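Heads up, the thing below is written out as structure tokens.
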């Protein structure tokens, strides 16, 4: 009886194309979509078990699968066993303080977590009746974020930017700021990014004493596309357990959501699907929706997600970042132009947005000051062409004054960050929201027009401004 059962759940490899493996099963024993299959192989005298995920039914008892590990050493005819379940990961308090891969294997302590409760990474989003909209602001202590693009507690927040403008540094900054003050559980998903950054993050979290409350799940750049496509779901599953079973508010950090889309594109091509716009997979919106719809707040508990989104060639019309926009509550756009001025974080205040920058949510005073800052910066941007052609002296007196004020505003939106302390030698500063609103209100009204521009550069609040101004021979 046992041998018969084994025959019904075992198949043979018939074709291998990179990470795509076709497997033939006996009639009537074809595994379901998303089932995990195991194949034992020996390569260079090392034995290992490959995990394959069923992606397509080809007919004639054939299934097309995606390998979660490199397929070196896999040959035709190797026996493949159907586990009968989809990929699952360990969940619960035991995952905190440890690093896992997309399959739920512990990387810092091999074998750890095998006896934990496991949840499938393929889960349905909460029913509509259980969802709870959130409008509470999540204070970060970063002036530019809190004033102009306030984050929603229990919302989806994204940091957009091209290569090298500071997305990962800002994600690390948010982990430092929010996780330290948050007191809850954090889950970090490293999706297709550099292994070095993952190691740096581990060390930083340990130094900040928040590692004990953080679970890390990594599928890095050197992993096959199947792993990079599934690692975000693995991390999200761990976060869902804390939300649904332990009734906790959870922070979910994803770096980088573009790599999730990119991995889906690679897999789609290998599966033989017709490419869509710019070569992306035709199922791009569906795949993004399946992930984002699960990141949500339910009654009394929430998942607050912060996602870094790489923008290919700084093109915001690219389908990958464009598809992400639709799911977000707040967007922080990092600009190469702002970065080139040495203003950090390099947030573009005119392109960033938030659904809760509304007087009914943040209050009339906050909204009024934010709109005045945006008005001045927008007018300054409109005047740039005239200044470039005719020079600043040709402007009306009112516009000259506005330009000087806008330049001070730009510099005051910069801030020394905790994640950059080792480079700048300056401790990171946290500015309470009330002080941020007061300082920018005074600045827009011209109360600081007599101070040199340099006094506003890379500082925190009003106390820092007073010290910097004094060091430059001026007084508030």
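In case you wondered, yes, glycine gets a Cβ from its N, Cα and C as well.
The ATP binding site annotation in Swiss-Prot covers 161, 162, 163, 164, 165, 166, 167, 168 and rests on sequence analysis.
Shown here: features listed in Swiss-Prot, placed on the structure.
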{"residue": "161", "record": "ATP binding site", "contacts (Cβ under 8 Å, 6+ apart)": "167, 308, 309, 310, 311, 333, 334, 335, 346"}
{"residue": "162", "record": "ATP binding site", "contacts (Cβ under 8 Å, 6+ apart)": "310, 311, 312, 313, 314, 334, 336"}
{"residue": "163", "record": "ATP binding site", "contacts (Cβ under 8 Å, 6+ apart)": "310"}
{"residue": "164", "record": "ATP binding site", "contacts (Cβ under 8 Å, 6+ apart)": "none"}
{"residue": "165", "record": "ATP binding site", "contacts (Cβ under 8 Å, 6+ apart)": "334, 335, 336, 339, 346"}
{"residue": "166", "record": "ATP binding site", "contacts (Cβ under 8 Å, 6+ apart)": "334, 339, 344, 345, 346"}
{"residue": "168", "record": "ATP binding site", "contacts (Cβ under 8 Å, 6+ apart)": "193, 197, 255, 256, 308"}
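The ATP site is defined by 161, 162, 163, 164, 165, 166, 167, 168, and by the 8 Å test on Cβ atoms against their centroid, the other residues of the chain that qualify are 310, 334, 339. Residue 162 (ATP binding site) falls within neither a helix nor a strand when secondary structure is assigned with DSSP, and so counts as coil. Packing around residue 167 (ATP binding site) is summarised by its Cβ count: 27 other Cβ atoms lie within 10 angstroms of its Cβ, all protein chains included.
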